[in-house]
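According to Swiss-Prot, the protein has these features:
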BINDING   F55, I56, I57, I58, H59, Y117, R121, T258  substrate binding site
BINDING   H244  heme binding site
Amino acid sequence: MVCPHNNPKQGNTREMEDSIHTDFNNDMSYGDYLCLEQVLSAQHPQSEVHDEMLFIIIHQTSELWLKLAGNELDTMIHNVQQGDFSHAFKVISRVKQILNQLTQSWNILSTLTPVDYLKFRDALGRSSGFQSYGYRKIEFLLGNKNADLIQVHESNEQVHSELQGILERPSLYDEVIRVLHKQGLPIDDSALNRDFTQPYQANESVLNAWLSVYRNADEHFELYELAEKLIDIEDAFQQWRFKHMYAVQRIIGNKMGTGGSSGVSFLKKALDISFFPELFELRTHL
């Protein structure tokens with residue numbers, strides 16, 4: 001018997017197949033389709049420190065995931081407006097996994113020690129994750145509205161205009177509340193026609209509507225499932241927020257952030273913000 005390790009035809013190798021395309025002089029390649037030349041040349045460290053490349057790539061990839069999450073949430077809002085719950089549920093599942101991916105990215109960044117980070121922190125200037133418009137878009141789409149937070153984007157007219165538009169439109173939860181009303185559950189006008197530029201505040205009529213859904217889950221099963229999937233989104237988002245705060249605390253302690261915030265204490269305040277407050281409150285009353 002011939003030992004397979006001594007036979008290059010059967011050993012630890014894989015030969016090219018004749019059918020595999022190798023000439024892309026006149027065809028679009030993988031790199032062309034993904035614009036990899038631009039993507040992979042978009043890392044410009046401001047120092048000679050090795051670990052700055054890690055810092056840049058983690059944040060760039062996070063921005064891509066945030067862009068995808070924002071795109072999916074736009075689609076989900078449209079699905080909810082149309083009463084298309086089956087597709088909305090599919091999108092929610094995808095957004096949840098995107099948020100899980102973002103949460104895991106903090107584990108990689110946490111390999112950056114305080115000593116490593118201090119070697120290039122000054123090179124960041126005043127740039128900060130607080131200025132991420134991808135993140136701000138998601139916060140606004142989910143209902144955490146605050147007009148003051150788009151001031152940092154006034155230097156970018158296109159971004160500022162997009163965020164202003166999202167600020168003024170109903171959030172995902174606003175659209176869900178409208179669905180409750182359309183399906184015959186009584187909702188106060190103050191919740192249906194509120195100032196959408198303001199952060200959502202819990203409303204007793206909305207709480208009572210959700211209580212009716214949960215107490216009659218078989219009768220309102222789509223709404224019941226929608227509510228639980230919204231809880232999935234908030235749970236995943238809160239885990240991302242917490243992991244962000246903890247990674248920052250691990251690396252810089254209680255120093256001020258590069259963008260001028262109080263740092264960890266500022267991030268901790270976000271943990272008290274709920275996108276869908278009645279969905280948590282109702283559990284107390286069941």
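All positions are counted from 1 along the displayed chain.
Note that Cβ sites are derived from N, Cα and C of the backbone, with glycine treated the same way.
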Using a 10 Å cut-off on CB atoms, tell me which of the binding-site residues H59, R121 is the least crowded.
H59
By a 10 A CB contact count over all chains shown, which of the binding-site residues listed here is most packed: F55, Y117?
F55
Please state whether DSSP places I58 (substrate binding site) in a helix, a strand or coil.
helix
For I57 (substrate binding site), the number of other Cβ atoms found within 10 Å of its own Cβ:
16
Roughly how many Å lie between the Cα atoms of H244 (heme binding site) and I57 (substrate binding site), rounded to a whole value?
16
What's the number of neighbouring CB atoms sitting within 10 A of the CB on T258 (substrate binding site)?
19
Substrate site span - longest C-alpha distance across F55, I56, I57, I58, H59, Y117, R121, T258, in Å:
18
Taking the Cβ of I56 (substrate binding site) as centre, how many other Cβ atoms lie within 10 Å?
16
Cβ neighbour count within 10 Å of H244 (heme binding site):
22
In the chain carrying I58 (substrate binding site), residues 6 or more apart in sequence that have Cβ under 8 angstroms from it:
S105, I108, L109
